[in-house]
Amino acid sequence: MPSLEPWLGGDHCSWLGMLGMLRLRLHKSNMDFTCLFCCSLAFVLYLNTLGAGFVYDDRRAILANADVSGGTPWQRSFSNDFWGTPLTDSGSHGSWRPLCVLSFRLNYLIGGGFAPWGFHLINNLLHCVATALVVRVARTLLASVWAVLAAGALFAAHPIHTEAVAGVVGRADVAACVCYLLTYLSYLRHMRWRESGDPRQWLALGATLILAAAGLLCKETAITALLVCALFDVMRGLSGQVDKQRLLSVCVVLGALFCMAYCRLVIVPGPGRHSPARTTRSPGLPPSGRDF
């Protein structure tokens, strides 16, 4: 077989290396296009919400909430529930989402009042960010660009997200989703740096815990992000030998999960805290004074 070197102007290995680099660049370009397409789809699908107003729970959680309109100090958002009622009050719902309430307050200050389009715009942008993060997560799990595109597009367009994105109070779900995905991605970074012996692994682990706490302050369900991280790490290490570094990471994550759950369920008053019926109180909470 005649040699191609005179035509190619270099050895075979160098050309294979160049082809490999070109393939990686094309793959990265396709992934960037995939992310851009999915985010654009997410934004366009909910573009019509910018002309909508406040509906249903929006009125109580935003329009009638002094924590949003600035009628109370911003610190009160951490001692009041999602609706602006003190957590210690017998009429409190017990839903503690201070970061979400503070985002409403920031909307109110920047938008010059209760301008609905500004609140809906932030919800839409958060949905776009969540879609981009889903694409990023899909890239770590799926090899095919088309599979990643399908995952991102399905998340962007799935009707189950309609209430969370179109309703302003649904920001708690969307913001918690963003923090959830960031927590997972941050822990993946920690795992990579841990395997390579990079000291930055502890920064990534710290960021994981902070993001999980932020998700919890957006909505209570985000606390399960740490459990997902720990389970993923454990499942990944089942096929190999016991790794002390992995064991330490999992113990730190589970310890943080326990502390957050304890603070939320025991220290922070939850739904039904003041109910005289034991069946309506959250497990682990002490009885109210009316039980004595």
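A Cβ is built for glycine as well, from the same backbone N, Cα and C atoms used for every other residue.
Those TrEMBL annotations? Automatic predictions, nothing curated.
Averaged over the domain 'Glycosyltransferase RgtA/B/C/D-like' (113-260), the predicted model has a pLDDT of 92. Annotated domain 'Glycosyltransferase RgtA/B/C/D-like' per TrEMBL: 113-260, in sequence order.
The transmembrane segment annotation in TrEMBL covers 33-56 (among others). For the transmembrane segment (33-56), the list of distant contacts is 62-63, 114, 116-117, 119-121, 123-125, 127-128, 130-132, 134-136, 145, 148-149, 152-153, 155-157, 165-169: same-chain residues at least six beyond its ends, Cβ to Cβ under 8 Å.
According to TrEMBL, the transmembrane segment annotation covers 141-160 (among others).
Taken from TrEMBL, the feature transmembrane segment applies to 172-190 (among others).
Residues or ranges marked as transmembrane segment by TrEMBL: 202-235 (among others). Away from its own ends, the transmembrane segment (202-235) comes close to residues 95-100, 172-173, 175-177, 179-180, 182-184, 186-187, 189-191, 193, 246, 249-250, 252-254, 256-257, 260-261, 264 of its chain (Cβ-Cβ under 8 Å, at least six residues beyond either end).
The feature transmembrane segment is assigned by TrEMBL to 247-268 (among others).
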Task = On the DSSP side of things, how many residues of the domain 'Glycosyltransferase RgtA/B/C/D-like' (113-260) fall into helix, strand and coil, could you say?
result = 127 helix, 0 strand, 21 coil
